[in-house]
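Listed in TrEMBL for this protein:
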- C:R51, C:T52, C:R101, C:H129, C:Q132, C:L264, C:P265: carbamoyl phosphate binding site (BINDING)
- C:K80, C:R162, C:R225: L-aspartate binding site (BINDING)
- C:2-141: domain 'Aspartate/ornithine carbamoyltransferase carbamoyl-P binding' (DOMAIN)
- C:148-299: domain 'Aspartate/ornithine carbamoyltransferase Asp/Orn-binding' (DOMAIN)
Amino acid sequence: MRHLMSPLDFSVEELNQMMDLACDIEKNPKKYSHACDGKKIATLFYEPSTRTRLSFETAMLNLGGSVIGFSSAASSSVSKGESVADTIRVISCFADICAMRHPKEGAPLVAAANSSIPVINAGDGGHQHPTQTLTDLMTIHSLKHRFDGLTIGLCGDLKFGRTVHSLISALVRYTGVKFVLISPEELKIPDYIRDDVLRANHVEFQEVIKLEDALPKLDILYMTRVQKERFFNEEDYLRMKDFYILDTEKMKLAKDNMYILHPLPRVNEIAVEVDKDPRAAYFKQVQYGVYIRMALILTLLEVKVC
Amino acid sequence: MRHLMSPLDFSVEELNQMMDLACDIEKNPKKYSHACDGKKIATLFYEPSTRTRLSFETAMLNLGGSVIGFSSAASSSVSKGESVADTIRVISCFADICAMRHPKEGAPLVAAANSSIPVINAGDGGHQHPTQTLTDLMTIHSLKHRFDGLTIGLCGDLKFGRTVHSLISALVRYTGVKFVLISPEELKIPDYIRDDVLRANHVEFQEVIKLEDALPKLDILYMTRVQKERFFNEEDYLRMKDFYILDTEKMKLAKDNMYILHPLPRVNEIAVEVDKDPRAAYFKQVQYGVYIRMALILTLLEVKVC
Amino acid sequence: MRHLMSPLDFSVEELNQMMDLACDIEKNPKKYSHACDGKKIATLFYEPSTRTRLSFETAMLNLGGSVIGFSSAASSSVSKGESVADTIRVISCFADICAMRHPKEGAPLVAAANSSIPVINAGDGGHQHPTQTLTDLMTIHSLKHRFDGLTIGLCGDLKFGRTVHSLISALVRYTGVKFVLISPEELKIPDYIRDDVLRANHVEFQEVIKLEDALPKLDILYMTRVQKERFFNEEDYLRMKDFYILDTEKMKLAKDNMYILHPLPRVNEIAVEVDKDPRAAYFKQVQYGVYIRMALILTLLEVKVC
């Protein structure tokens, strides 16, 4: 039995198989609409994350299965004094697969070690959120049909952004991917990513301050939010914040076939006017997130559809 | 694609078609039990309203569909900084139709403008609650088989009662409906209903203070709650509160075929002893609310059942 | 129409039938997987109890039915001023059967009196929790294939433990059951159980202080938690607490075919190391809880499966 704890749990080959499966699901949804008849997913969300929870529930329902679970610790009693190990043993009697979101790093790992059903880490604190990374990979793969030779811009808070670190770590496993890292000085990528992931894998990358300088060369732009609180002082924030807001003016600098991704929710880092641009792919990304989760559920449950 | 924002969104003819469909659903539930197989409703309740939410969920389940969503902002993270416009775009990737309850007037309208799936306003602040009005119309239609010539009493807080205003606005579109408006002086119907809706449409109506004076002539009595806080002073409240409490004694004044409706929840404005009276229709009303919501879902999704 | 309010609502013969049905469900789950197609359970949880709620929802989903409801009063509006009597009449329009958890003793009884669908008491304050007792009986029956002649140890807080009182009351209806009551002096079984249930039914029982003294003679050990707050003083607590913690060392004293039960959640009264012992049956008990709830739903809905 397999679990999904980290985006790197699957080999590149296994990931490719899963993305192929997700593509087939996108093309032939009816073929899969009864693949999980009679099966149940438990969504155990110890902190609310409505988008992620509903994406998992949608995925299971699209496969003909059903859902049990809870959406916050407040509406649940399982957290009251019961260990995660005991809870997952109980849930193993109810469901066939489980997606767990937990504020404590490592909680899903404890669950997996004690579970008799596959456990999916749906986010554990600031640590991992592997299905976001699978969604990001799936979106790039679907829009560009390859990773090789792509120049991928990552923009915003590269220091604390969990999704950015995971995405880089996942992408360096493909050959020929180049990165442009766009952030203020204060929010540059941490050393352990720069040295241990990028340099250690001999990956070409560049670090720039302004989005305008990067835009013309990108094939993919992955936007994230820059929080005011992250800056050293108000002055710096005011001087630089517009560097990281994407609008139609800046989009004129980008290639015609550059796509914009965003893990959502966005605040103001992408102007609403950009939504109409055919290169805006952040809502398509949500749709791909459903397909890849369907493929993941089928893979972990070892369900074959012919 | 159509949405439901206000009770007047549908023409009288469209409403009649929908009520006919709801009647057929009541008579032949099995015929419709797989009409929405594989489809999903998203119930996005930014404030709790259990009766309304469960009515929508029951309607979709009765049609063979399934449900995703959240029941309060507290157990959800979608409200955190994300615009309603972005949320509905995300939900459009998950569900086929959406019912939204929101404390802010106009929020469902914003959702509809940005949605790629039909949006139903399930109540926006003190503004609109169109499926309550559809339920009220359906109940009257089912019990009386007509609107023409009916004398309809509306009792209680007619000043602030959203359901009462909507019901009047919907009923004046049928010919021959007469109203008796029963309320204390402080809680009389507002001018914009009296002048712009009733008088502008040349509708016969009468305003009275005491329920007893109205009861003998009514075909339908629509009860609502009178909150103590609405009165100018304690003395007035004590003097008048019993005028607006329906009990078996007052029911002796009513016609044998007068039906009592109430949007629920009731507090004490209908004595529990009245529940046994065959003219008490407020729980039947809940049942009709399910049928009309089933008809609404089928209509908005353009699902035909033969 | 029948409800389930107390564990004694069913006769011994009816209980045997229900346990036989649950056994058949365990052996042939597919046979029952569409038994409740198109039916709905409403889980009305006025206080959170995730394990119990998910067990009911799992049971209904395993039978092909579906679920509506709420998981806490906070995410619900039904409790706001509406009587339980009115709520259940509304829910009767939505669902086919209902499981209600309520902090107030007697609330499910009020619901049952006003309901047109079967109501299951899923726990009302410190009063009753009949499906826990059914689960306990089912587990003993499945592991031991009989009640006659069994020696059953009940350990921990026997004074306040609702599940223990219910289990004793249910078991004295079978012939030849003997009890060993294991608790500190402060937490001994109350007189109304000792006199009115045990002695009145001429049931053999023994009261002991230390778990070690009881273990060698037991066929079943039912563990419960001993809360520190229950003790008169810190000194007593420290002196005695280890008497009521089951570990692998103490398990050496037990028979090879003695099974350990626990209503869960456990805190530290069963050491985690015991989980690996084949005699640890407390997670199996959760599984049996699903089967017996499936049998209960079928019985109350009068669904026959051939």
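Even glycines carry a Cβ here, placed using N, Cα and C.
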Greatest inter-residue Cα distance in Å for the carbamoyl phosphate-binding set C:R51, C:T52, C:R101, C:H129, C:Q132, C:L264, C:P265: 17
Candidates C:R51, C:R101, C:H129, C:P265, namely the binding-site residues, that fall within 10 Å of C:R162 (L-aspartate binding site) by Cα distance: C:H129
Distant-in-sequence Cβ neighbours of C:H129 (carbamoyl phosphate binding site), under 8 Å, six or more positions away: C:T52, C:N121, C:A122, C:G123, C:R162, C:T163, C:S166
Carbamoyl phosphate site, defined by C:R51, C:T52, C:R101, C:H129, C:Q132, C:L264, C:P265: further same-chain residues with Cβ within 8 Å of the Cβ centre: C:S49, C:S55, C:G123, C:P263
Candidates C:R51, C:R101, C:Q132, namely the binding-site residues, that fall within 10 Å of C:R225 (L-aspartate binding site) by Cα distance: none
Structural state of C:R101 (carbamoyl phosphate binding site), classified by DSSP into three states: strand
All-chain count of other Cβ atoms within 10 Å of C:L264 (carbamoyl phosphate binding site): 19
DSSP-derived helix, strand and coil totals, residue by residue, for the domain 'Aspartate/ornithine carbamoyltransferase carbamoyl-P binding' (C:2-141): 65 helix, 25 strand, 50 coil
Surrounding CB atoms that lie within 10 Å of the CB of C:R101 (carbamoyl phosphate binding site), all protein chains: 25
Model confidence over the domain 'Aspartate/ornithine carbamoyltransferase carbamoyl-P binding' (C:2-141) (mean pLDDT, whole number): 95
Packing count at C:T52 (carbamoyl phosphate binding site) (other Cβ atoms within 10 Å of its Cβ): 22
Chain A neighbours, restricted to the binding-site residues C:T52, C:H129, C:Q132, C:R162, C:L264, by C-beta under 8 angstroms: C:L264
Local Cβ density at C:P265 (carbamoyl phosphate binding site) - other Cβ atoms counted within 10 Å: 18
Cβ-Cβ distance under 8 Å to C:Q132 (carbamoyl phosphate binding site), same chain, at least six residues away: C:T52, C:G123, C:T163, C:S166, C:P263, C:G289
